[in-house]
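Per TrEMBL, these features apply:
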type     : residues : note
SIGNAL   : 1-29     : signal peptide
DOMAIN   : 26-150   : domain 'Ig-like'
DOMAIN   : 171-246  : domain 'Ig-like'
TRANSMEM : 253-275  : transmembrane segment
REGION   : 296-373  : region 'Disordered'
COMPBIAS : 306-319  : compositional bias 'Polar residues'
COMPBIAS : 337-346  : compositional bias 'Polar residues'
Amino acid sequence: MVSLPGSPATSLLRFLFLGLTTLASPSRAQVELHVPAGLTKLRAVEGAEVVLPAWYTLQGDQASTKPKPWEVPTVIWFLLEGKNMNQVLAHISGVTSSKPGASLVYPMPSRNVSLRLQGLQEKDSGPYLCSVNLQDSQGSVRGHSSKTLELNVLVPPAPPSCRLRGVPHVGTNVTLSCQSPRSKPAAQYQWVRSPPSSQVFFAPVLDAIRGSLNLKNLSTSMSGVYICKAHNEVGSAQCNVTLKVSTGPEATVVAGAVVGTMVGLGLLVGLVLLYQRRGKALEEPANDIKEDAIAPRTLPWPKGSDTISKNGTLSSVTSARALRPPQGPTRPGALSPTPSLSSQVLPSPRLPRTDGAHPQPISPSAGGVSSSALSRMGAVPVMVPAQSQAGSLV
């Protein structure tokens, strides 16, 4: 585009465009420029072409589109960029000049002064001003008119880039991102999972504005190809990323921790049980006699001094010699029983001898000492293991 300020020709055009409105010629109002109703704002796609429609008429000659032989129009199209007026096309004195891609739809002379723009770019967006000055063959100004149209060049999304953020291990979270570097208007994003496990994602896991997809608590079944589609009202583009969920170090550490915890608990329970069993074993009496133990040597007790229970078991033995003074010398080779502590401290009542096979019960004499009296006097009872007739202890 060519800037209006700077050259003599553009200065003259500025004079024609801005100064003609100050002229007092009554014929100036005869020219009227038109644009289609409802087409003052146009939209086109980048790379395509667009036509900005405009035509002028003379007062009293609205139906005719063919100019009069005396008409000499001056047509200029500007692109307004802030305070600058960039010239797009100019037709002055029968000569047309334009920037690349810009041209008049109809050859001059013509009352239709529509502008065609080809190979549009986003920078071509903006307001366009069409100015028409009409002169006669003598150079007299017959009128001036101008109109403005708005052009918006839309850009389809450029191919986006897909990325995977995070480590795709079982149980972890990852984010799939998708971003198009260029789009007008801004692109919207949609994530889908390709067959055979087709899936479409929506909010809240999908951010359609930023193009991110959040996948949480990954499993191996979530592996596959994920496709991102960036789209706006004039086009779309897509990219894809392959997600492969593996049972990596994190999963192994978790599994090892679980197994280690279970093994530790098992060992702890085993130690507790072992401690309890050892405690019970220490509490058992130390004088327990096993069934296979060897019986002690039997002492030759005098026959007349034994007291035998009815069931044949020797329940208590009291030596007659311990109860009375010895009456004669001891036989050679015979063993005498050791008197008990009670028989050494206090005298016991005499045991009567019986010549029969069955012993008679011993009744304490009137002068004997009872068990309660012995206990008060400090006597200590002594338990003697019983012996069966077979010679084993019971």
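Cβ atoms are placed via backbone N, Cα and C, with glycine included.
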(message) Summarise the domain 'Ig-like' (26-150) as counts of helix, strand and coil residues per DSSP.
(response) 6 helix, 68 strand, 51 coil
(message) As a quick check of your reading of DSSP, tell me how many residues in the domain 'Ig-like' (171-246) are helical, how many are strand and how many are coil.
(response) 3 helix, 40 strand, 33 coil
